[in-house]
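Quick look at what TrEMBL lists:
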DOMAIN    1-354  domain 'Major facilitator superfamily (MFS) profile'
TRANSMEM  7-25  transmembrane segment
TRANSMEM  37-57  transmembrane segment
TRANSMEM  69-87  transmembrane segment
TRANSMEM  99-119  transmembrane segment
TRANSMEM  226-244  transmembrane segment
TRANSMEM  251-272  transmembrane segment
TRANSMEM  278-305  transmembrane segment
TRANSMEM  317-337  transmembrane segment
Amino acid sequence: NKFGRKGGLLMNNVIGIGGACLMAFTKVCNSYEMLFVGRFIIGVNCGLNTSLVPMYISEIAPLNLRGGLGTVNQLAVTTGLLISQILGIDEILGTDDGWPILLGLAICPAVLQLILLPVCPESPRYLLITKQWEEEARKALRRLRASNQVEEDIEEMRAEQRAQQSESTVSMSELICSPTLRAPLIISVVMQLSQQLSGINAVFYYSTGLFMTSGLSEEIAKDMTIGIGSIMVIMTVVTLPLMDRMGRRTLHLYGLGGMFIFSICITISFLIKEMIDWMSYLSVVSTLMFVVFFALGPGSIPWLITAELFSQGPRPTAMSIAVLVNWLANFLVGIGFQPMQAALENYTFLPFSA
């Protein structure tokens, strides 16, 4: 709230450039400490981005396009994942000499944002409701809507401003203890947990090993991992027009339902793959379909829902809590999957189906 959505993003890009530079020069300086510090800084950068970007998009988008534009954020994330997967193969930058360059390429999107963000308008909601700069909000809306007819948007924001006059920015403890905000907070937290505890990052982080467990060769398994990234991009594009047409809740439930079905299929294929040869193909197809249904809803909707459930006052704090829960669950799945795989073997995906 102090620096604004655009100002926060600009500062965060400086943080990202610093972290990427440290990682890029790790090998040249022969310092593993630089790698650790750089990774930590990039982690801070990612955490801030996952909070600021959905909030900024939600506040600048017209109501009828908010879902579709919010999904564009997930499209950018999945495209970045796919590009990094391709660049990380052995033939390109996945080598002893290439990995510092690969990590240092994180500079590119940060520099691009530093160049482009200054010409973007600030969030009109932030300008009017938080800063009470109505004329600046009008100017921002005229640029965003490419029209001088912005009275309807202004009046809608004024109504929210009047409703929220007694509701200033709240702290985390105030948000958690507030009876009126508790229900939307619980919904936001559960949505974030449903995304991360679905097991999707177990697939992303360990997909090559999972495909090799299914009976594929190492080379084909690596290609299939890139295939997962491609599917994510394609399905996110497919989801764009559906987001406002079908609704957040419907898409999220369809997505989780499909992931449940195919996590069961993955478990079954692991159990009987040695008895039936073609079960290895079922495992591969089920894994790909698992990713398809994740991209359908759970990939982007939790961030949209959190930004939409809260008004201007508590929204930044709510997004911060959502980011904390999301990345904490991500971390737990990342470090816990391999021990869980060793303990449960063929039943590894069964807990995720719950």
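Please read every residue number as a count from 1 along the shown chain.
Here the Cβ of each residue, glycine as well, is placed from N, Cα and C on the backbone.
Remember, TrEMBL labels are computer predictions, not curated facts.
Below 8 A, the CB atoms of the transmembrane segment (226-244) and the transmembrane segment (317-337) form no more than two pairs separated by six or more positions in the chain, fewer than 3 in all. Within the same chain, residues 46-47, 50-52, 54-55, 169-172, 175-176, 181, 184-185, 188-189, 192-193, 195-197, 199, 201-202, 205-206, 302-303, 306-307, 309-310, 348 sit at least 6 positions outside the transmembrane segment (317-337) and bring their C-beta atoms closer than 8 Å to a C-beta of that stretch.
Beyond the ends of the transmembrane segment (69-87), by six or more residues, the same chain brings 53-54, 57-58, 61, 93-94, 102, 105, 109, 204, 225-226, 229-230, 232-233, 236-237, 239-240, 243, 295, 299-300, 303-304, 307 to within a C-beta distance below 8 angstroms of the stretch. Counted over residue pairs 6 or more apart, the CB atoms of the transmembrane segment (251-272) and the transmembrane segment (99-119) come under 8 Å in fewer than three pairs, which marks the two as apart. Sequence-remote contacts of a segment are chain residues at least 6 beyond its ends whose Cβ falls under 8 Å from one of its Cβ atoms, and for the transmembrane segment (278-305) they are 50, 54, 58, 66-67, 70-71, 73-74, 78, 187-188, 191-192, 194-195, 198-200, 203, 207, 210-211, 213-216, 224, 227-228, 231-232, 235-236, 238-239, 243, 248, 251-259, 262-263, 265-266, 268-270, 272, 322, 326.
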